[in-house]
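Features reported for this protein in TrEMBL:
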type	residues	note
TRANSMEM	28-52	transmembrane segment
DOMAIN	44-293	domain 'G-protein coupled receptors family 1 profile'
TRANSMEM	64-90	transmembrane segment
TRANSMEM	102-123	transmembrane segment
TRANSMEM	143-165	transmembrane segment
TRANSMEM	203-228	transmembrane segment
TRANSMEM	240-263	transmembrane segment
TRANSMEM	278-295	transmembrane segment
Amino acid sequence: MHSRGWRNHSSVTEFILLGFSRNPRTNWILFFLFLVLYLFTVLGNGLIVTLIRIDARLHTPMYFFLSVLSLLDLSYATTTVPQMLAILVSKNKTISYTGCVIQMYIFLTLGITETWIFAAMAYDRYVAICYPLHYGVKMSQTLCIMLVASSALCGLICALVYTVFAMNLPYCGPNEINHFFCEIPAVLKLACADTSLNDQVDFILGFILLLIPLSLILASYIRIFIAILKIRSTQGRMKAFSTCASHITVVTMFCIPCMIMYMRPGSEASPEDDKKLALFYNVISAFLNPIIYSLRNKDVKRAFLKLIGRGEDTQ
């Protein structure tokens, strides 16, 4: 069925996002908490992109992928958090049918792209540690751009499949989504039809889009750890491991909750658990990523000190 048929099968013209609580006081507390998290997310990820852009020493494949990751996190959070903040304090908690479809598609596109960027980052670390003398040749600018472009293309196409399968179902009421944004598992619960096919599609796509990148990441790190164990000096071993520890932490925080959310049958999902999971990979992960990468990274710290005028002479 074509996408123009979506509205013909649906009597719902808008959805109501229930958010977290019906208690106004609780909602105001959550509003200020998430506002602070969002502002720091924008500041942290924006700062990393800026530092990598202006500091010539950060013009390497590793930092190129990190800047792409920061842009994705920034966009990812912006797709959902402003809407979430609005429904927390506003009496109008509605989102149009079209707005819901657009939010769902953009969110999925960015999320799927991010999983493949994680795989590209793992491959970059694998080449850097296992083939240091050939790093500049193997990780060429052309290859880096191709890896990012193919990740984005996969995101655009697979998100379209997810969205078409979800919105081709009839939605005839009720129209209350027990979530803080239009995420597929929450929206599917409102469908006036059997969603078992959607569960199968979600599982297959989840396998392709989560388990395959994770397998590539795991394979890269097995090779990396074998190479690290062969390094004779303890200092060299620790330096090599520290460059990978940040990436492993970030991948775990993002991918594990996504797997739980998208690869289980909809009947097993609890709305409250789903909200917590979505908060983790949507808000918390995007907030923590700049902290995790910058705290463990001397190059980023040096670039920041240089930016604020305190590190001109730092070697």
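The count begins at 1 with the first shown residue.
Glycine too: its Cβ is placed from the backbone N, Cα and C atoms.
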On the 0 to 100 scale, where does the mean pLDDT of the domain 'G-protein coupled receptors family 1 profile' (44-293) fall?
85
Cβ contacts under 8 Å made by the transmembrane segment (278-295) with residues that lie 6+ beyond its boundaries:
34, 37-38, 40-41, 44-45, 47-48, 66, 69-70, 73-74, 76-77, 80-81, 107, 111, 179-181, 183, 246, 249-250, 253-255, 257-258, 261, 301, 304
With the transmembrane segment (240-263) as the reference, find which of 28-52, 64-90, 203-228 contributes the most Cβ pairs under 8 Å.
203-228
So which residues does the transmembrane segment (203-228) touch in its own chain, when a touch means Cβ under 8 Å and the partner is 6 or more beyond its ends?
112, 115-116, 118-119, 122-123, 125-126, 129-130, 154, 158, 161-162, 237, 240-241, 244, 248, 251, 255, 258-259, 262-263
Chain residues in Cβ proximity to the transmembrane segment (143-165) (below 8 Å; excluding those fewer than six residues from its ends, i.e. six or more beyond):
1, 3, 61, 64-65, 68, 101, 104-106, 108-113, 116-117, 120, 123, 184, 197-198, 201-202, 205, 208-209
